[in-house]
Amino acid sequence: MGAITSAELNFLVFRYLQESGFVHAAFTLGYEAGIHKGGIDGNIVPPGALITIVQKGLQYIELEANTDENDQEVEKDFALLEPLEIITKDVEELQQIVKKRKRGRLQIDCDKDKGKAKECIEEHEHRLGGERERERHDKEKDQEMERDRTERDKVQEKEKEREKQHTDHIDKVKHEEDPLASGVTSGPKPMDVSTTSHEIFSADVTVLEGHSSEVFACAWSPAGSLLASGSGDSTARIWTIPDGPCGSIQSSPASVHVLKHFKGRTNEKSKDVTTLDWNGEGTLLATGSYDGQARIWSRDGELKQTLFKHKGPIFSLKWNRKGDFLLSGSVDKTAIVWDTKTWECKQQFEFHSAPTLDVDWRNNNSFATCSTDNMIYVCKIGDPRPVKTFSGHQSEVNAIKWDPTGSLLASCSDDWTAKIWSVKQDKCVYDFKEHTKEIYTIRWSPTGPGTNNPNQQLLLASASFDSSIKLWEVEQGHLLYSLAGHRQPVYSVAFSPDGEYLASGSLDQSLHIWSVKEGRILKTFRGSGGIFEVCWNKEGSKIAACFSNNTVCVMDFRM
């Protein structure tokens, strides 16, 4: 048998981190280990490969320990050793443990057999008996295994019933005291996964193919029908989505501009496109890459500028509303404001002590940054120090978002909490602790003051690795709905432009569209890969989602 190489092991760990939702750790490992330079075809590696190999390795060692020169038969149920023992002890020590525990198990079994303990022990130690005794012994063993199997079945049935009751209880969320301002007075309803009548079928979906690796990001242009996507294949793409219905029978295919972030080979991990953002007019697209460079492209796919200064991967990139500054956040712990007239570095902010994970503009000249150092800083162009510091998260802060008026800042963290901050005070205004795992992203609704829907209530959506999405109202800081339709971590949520609907994408390969007013699933599309991001076009008539199977899917939304 050939030994596993370090490159193969690195790839297995990389895939394990991705599948477990540790996206930032996976990015870092991929970058430092040069995963995509190893030439390993990820499509032939099954999900959970690392766990499978570890389990098989433990089973093999236990099998070896259960077998010696004088004992050719192997226990059918390898339950005599603990995983920690297998990892920390050699085979000879394990064989002694196995013999001792076999003897102890046999002693217990024989004691239960009234009046036959002596005969049973002698029979084992001296291997007496002949075929008849062996048959009797096998029969007893089979009966014992059958009893064990029956007991296990009973326990499993009880567990299933208990789990069903728990799920029913969770689905019926208790927060009934805070109806939406639109007049809904009933409390949250059970969030059942949509039935087939709500399915969006593949024939009604346009599948955009061309990327050769996972598609991590997608964004509609604020002007026209252009959709941008960014991938691990070192390219971004700008797709022109035809007018009319989506689907396989559409009148004309989507045209595409390929934005190459490399010269020569396409499998350079350092060129992975990690983030992208359109300017307000939809005339320029900014992309951030693993090589630490930001690139500016025309809507026709022409490279206009390459911005060099970061010394690590760029994880976040945002234009301000006016379009005169571009903000980037990097693993090198800094944030940079770029002047879009000269494309020079206007100012570099070096406040964090660890990688910067997200940045977001408050207005045209001030913004916030967050980091794996658990800190949030509010900064202003021209000021050498932060104008405000928010501390309170107990683990890395994954995302930050200002509300439409720029008065409240929402944050989410690996500490399982989402918090809302105000520049008027040091401590958080609200501390939301309802999630039971890491919260990956948050989004404000486009409603309330400062939006096109000023008469609707402002809401915050949080998406978590606990497979749930939670909707919060922020006047009183109460949970409105817990949306429990996904079965795996939820990576992305996006409100429709009118604020009435919420799209969500998960590693369970499902895209759900929820009614914000009713807190229930209206439509579902089931793809063929985990979903990293979902987004609406400016009219709210189409939804795009990017997948781990190298595709981008576009579908119509009509009620």
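Cβ coordinates come from backbone N, Cα and C, glycine included.
Here is what TrEMBL says about this protein:
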{"type": "COMPBIAS", "residues": "114-178", "note": "compositional bias 'Basic and acidic residues'"}
{"type": "REGION", "residues": "114-193", "note": "region 'Disordered'"}
{"type": "REPEAT", "residues": "208-241", "note": "repeat 'WD'"}
{"type": "REPEAT", "residues": "266-298", "note": "repeat 'WD'"}
{"type": "REPEAT", "residues": "307-348", "note": "repeat 'WD'"}
{"type": "REPEAT", "residues": "390-431", "note": "repeat 'WD'"}
{"type": "REPEAT", "residues": "432-482", "note": "repeat 'WD'"}
{"type": "REPEAT", "residues": "483-524", "note": "repeat 'WD'"}
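Among the listed stretches 266-298, 390-431, 432-482, 483-524, the one sharing the most Cβ pairs under 8 Å with the repeat 'WD' (208-241) is 266-298. Per-residue pLDDT, averaged along the repeat 'WD' (266-298), amounts to 89 for this model.
Counting residues per DSSP class in helix, strand and coil order gives 0 helix, 20 strand, 22 coil for the repeat 'WD' (390-431). Here the repeat 'WD' (483-524) is broken down by DSSP into helix, strand and coil counts: 0 helix, 24 strand, 18 coil.
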